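S.K.: What follows is a single structure, and I will ask about it in a moment.
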2 protein chains.
Amino acid sequence: MPVIPINTPSATYNVTIAPNLLPTLHPRLRKLNPGRPFRPFIITSPNIWALWSKPFLASFKEPPTVLFHPAGERHKRMASVESLAQQLSTAGADRDALLLAFGGGVIGDITGFLAAIYMRGIRYVQIPTTLLAQVDSSIGGKTGVNLAAGKNLIGSFHHPQAVFADTDLLRTLPPAELRAGLQESIKAGVIYDARLFRYMEQNAEAILSASAPAKRNADTAALAKVVAASVRVKAEVVSQDEKESGLRMILNFGHTIGHAIEAATSYKQLLHGEAVAWGSIAALSLAVARNTIVEKDANRIVNLILRYGPLPTFKATAEELVALTARDKKNRSGIRSFVLPTAIGKVEIVHDVTEPELLAATQSMLTLMRTGT
Amino acid sequence: MPVIPINTPSATYNVTIAPNLLPTLHPRLRKLNPGRPFRPFIITSPNIWALWSKPFLASFKEPPTVLFHPAGERHKRMASVESLAQQLSTAGADRDALLLAFGGGVIGDITGFLAAIYMRGIRYVQIPTTLLAQVDSSIGGKTGVNLAAGKNLIGSFHHPQAVFADTDLLRTLPPAELRAGLQESIKAGVIYDARLFRYMEQNAEAILSASAPAKRNADTAALAKVVAASVRVKAEVVSQDEKESGLRMILNFGHTIGHAIEAATSYKQLLHGEAVAWGSIAALSLAVARNTIVEKDANRIVNLILRYGPLPTFKATAEELVALTARDKKNRSGIRSFVLPTAIGKVEIVHDVTEPELLAATQSMLTLMRTGT
């Protein structure tokens with residue numbers, strides 16, 4: 001069972017990846033805070049709870065209070081945080097409360113942010129249920145909500161006490177969410193781990209077979225390998241640069257245009273991983289135009305992204321998308337930073353991307369989307 | 001000019017206390033971040049800005065963007081933070097933005113919290129305009145907003161880069177606010193500084209004369225002494241215990257019942273310092289009943305609190321108020337902690353206060369309020 005440590009200046013914790021973790025949750029949680037009061041509160045979505053409450057509660061003698069929050073990016077807002085905080089208070093949560101984020105990225109981000117600001121900070125644990133959350137968003141302490149003006153513009157750095165990624169949960173994941181999550185694993189390969197990239201090239205069918213309504217007993221071994229390798233990339237990067245002053249920025253590959261696409265479609269039409277996939281394709285076009293990467297490698301990456309599709313199309317002009325990147329959190333005093341691959345498994349960060357270059361790259365991605373070439 | 005340092009594990013900064021600070025603000029702010037982009041945004045209330053914008057802007061070549069937020073505890077809510085964040089984003093604020101909190105406690109708390117969570121944390125400076133903010137809320141990094149369930153239930157620890165307390169600002173303070181702020185100075189004397197307490201006993205008239213519509217040129221020297229001494233108490237306590245694991249709790253003297261009074265009156269009827277004053281009287285009654293303090297000392301404290309009144313009355317029963325203390329942030333796993341004076345300038349923290357004791361003490365405070373004895 002892979003246990004991957006995260007070591008940052010402000011926190012040390014483990015990501016445990018294994019099947020059948022849920023039924024042993026209670027003793028695992030108790031071990032995190034020996035000798036302290038144990039006052040767990042579950043934050044989850046109605047759908048997840050309907051599917052998985054039984055194994056989740058199996059090891060609890062007294063069932064904890066459950067607070068529901070709908071899944072979906074459009075619910076990741078301040079009003080939801082306030083409502084959850086109010087419910088926590090009514091349920092008697094004090095500074096000894098331990099929040100359990102049981103859901104996908106939205107549940108994880110909002111629970112982490114709630115834990116960061118409830119009574120100026122309480123503890124929480126991530127129990128991610130989607131692939132995206134298991135390989136990316138549950139790890140590293142970034143928490144937050146969206147503004148109308150843009151994604152994750154409000155938030156805190158606040159690490160969980162532990163991450164428990166039960167790979168059995170991926171069996172009930174809708175296939176589109178599995179595919180979208182795998183785009184973040186492709187990203188991990190592109191930016192840091194050429195072996196993971198090759199493994200995903202060579203085992204696409206086995207990896208993708210894990211999820212489907214008809215395949216509740218599907219073999220998740222190949223997928224579990226991808227999860228562990230992706231988590232390792234994130235763990236290493238975050239451990240080296242907790243607050244994104246340098247290396248951690250490479251995790252944003254594909255995210256500048258990706259976030260613009262999500263904003264242009266009001267966070268409703270595409271899954272995060274799908275938007276990042278399109279954003280990666282645009283970034284690759286920029287990298288090829290700048291000669292930071294050879295065309296052959298860029299094509300291999302684009303092909304792998306499309307292999308894990310299909311990616312849904314959307315309506316937006318290059319001008320709109322580029323205008324939306326002006327509000328990116330990574331910009332400092334008007335300068336846009338971009339993560340560009342130099343080879344498979346390696347990237348560089350550039351700070352001098354001009355608006356015409358960015359427009360051309362975005363246009364090239366939109367053309368691929370519309371015409372397939 | 002007193003410059004009082006705050007040294008905590010997570011931040012080091014100065015509180016500068018002097019008249020006529022506003023007209024030299026720009027060079028002072030520039031010095032805080034040499035070599036970094038300077039992108040200031042002012043958060044203030046319409047009233048304060050109408051009175052003081054001219055000296056505030058005197059040293060700026062380009063006037064910064066100004067965002068308005070109404071004063072008053074009932075506006076210290078998540079919705080206001082979201083609206084300000086949205087305005088910041090629209091105005092182009094990125095991670096190089098520097099927020100300037102120009103106002104009383106509400107402006108300071110909300111700006112500090114906004115700075116804590118905007119793009120996961122940006123810099124800010126406190127320029128407090130009320131006595132309460134100058135001696136207490138601007139210092140120590142506690143930021144936050146209220147929930148319907150209670151005061152400051154949402155927040156972060158996020159220190160300002162500096163605090164500039166211009167004592168000239170106190171000349172336009174409504175007399176009731178000056179008096180309410182002085183209650184926090186009395187608290188500082190009670191818990192930590194017997195000399196400050198005696199100074200306030202012996203110079204009440206001079207201290208209180210500083211504020212009045214007719215006295216724009218009043219002598220603020222006595223008041224400035226009180227401000228500096230109060231800041232020193234807070235600075236020493238916070239520097240020794242940043243996150244309130246021990247010593248810092250003594251700053252909460254009078255606040256348990258004080259917060260309950262504010263909640264019972266929907267944060268509308270009493271100023272914070274006034275509620276704390278009543279809360280202190282209740283805590284003293286508890287301390288006398290427990291023999292932690294001799295009656296003579298307790299009476300001296302009650303008399304000083306009333307000398308800096310009048311304290312407005314309010315409607316609430318002892319039962320209501322005690323029920324509201326059950327949600328206090330300081331409670332851990334159901335145990336209430338209380339700060340009780342043992343002499344003037346000294347307190348102890350007790351954890352075994354029973355409900356009947358608390359009811360009796362609250363009732364005794366209410367009787368004093370209703371009958372004067």
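Counting starts with 1 at the first residue shown.
Here the Cβ of each residue, glycine as well, is placed from N, Cα and C on the backbone.
TrEMBL labels come from automatic prediction, so no person has curated them.
Annotations for this protein, taken from TrEMBL, read as follows:
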type: DOMAIN; residues: A:70-179; note: domain '3-dehydroquinate synthase N-terminal'
type: BINDING; residues: A:Gly105, A:Val106, A:Ile107, A:Gly108, A:Asp109, A:Thr129, A:Thr130, A:Lys142, A:Lys151; note: NAD(+) binding site
type: DOMAIN; residues: A:181-331; note: domain '3-dehydroquinate synthase C-terminal'
type: BINDING; residues: A:Glu184, A:His255, A:His272; note: Zn(2+) binding site
S.K.: Roughly how wide, in whole Å, is the group A:Gly105, A:Val106, A:Ile107, A:Gly108, A:Asp109, A:Thr129, A:Thr130, A:Lys142, A:Lys151 that binds NAD(+), by largest Cα to Cα distance?
M.R.: 21
S.K.: Around the C-beta of A:Glu184 (Zn(2+) binding site), how many further C-beta atoms are within 10 angstroms, looking at every protein chain?
M.R.: 26
S.K.: Taking helix as H, G and I and strand as E and B in DSSP, count the residues of the domain '3-dehydroquinate synthase N-terminal' (A:70-179) in helix, strand and coil.
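M.R.: The composition, in the requested order, is 47 helix, 32 strand, 31 coil.
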S.K.: Taking the Cβ of A:Thr130 (NAD(+) binding site) as centre, how many other Cβ atoms lie within 10 Å?
M.R.: 29
S.K.: With an 8 Å cut-off on Cβ-Cβ distance and a minimum sequence separation of at least 6, pull the same-chain contacts of A:Asp109 (NAD(+) binding site), or say none.
M.R.: A:Lys76, A:Ser137, A:Lys142, A:Thr143, A:Gly144, A:Val145, A:Asn152, A:Gly155
S.K.: Other than A:Glu184, A:His255, A:His272, which residues of the same chain sit close to Zn(2+)? List them in sequence order, counting a residue when its Cβ is within 8 Å of the Cβ centroid of the site.
M.R.: A:Leu132, A:Asp136, A:Gln183, A:Lys187, A:Gly254, A:Gly258, A:Gly273, A:Ala275, A:Val276
S.K.: Would you pick out, from the binding-site residues A:Lys151, A:His255, A:His272, the residue whose Cβ has the largest number of other Cβ atoms within 10 Å?
M.R.: A:His272
S.K.: For A:Ile107 (NAD(+) binding site), identify the closest of the binding-site residues A:Glu184, A:His255, A:His272, judging by Cα separation.
M.R.: A:His272
S.K.: Within 10 angstroms of the C-beta of A:Gly105 (NAD(+) binding site), what count of other C-beta atoms is obtained when all protein chains are considered?
M.R.: 26
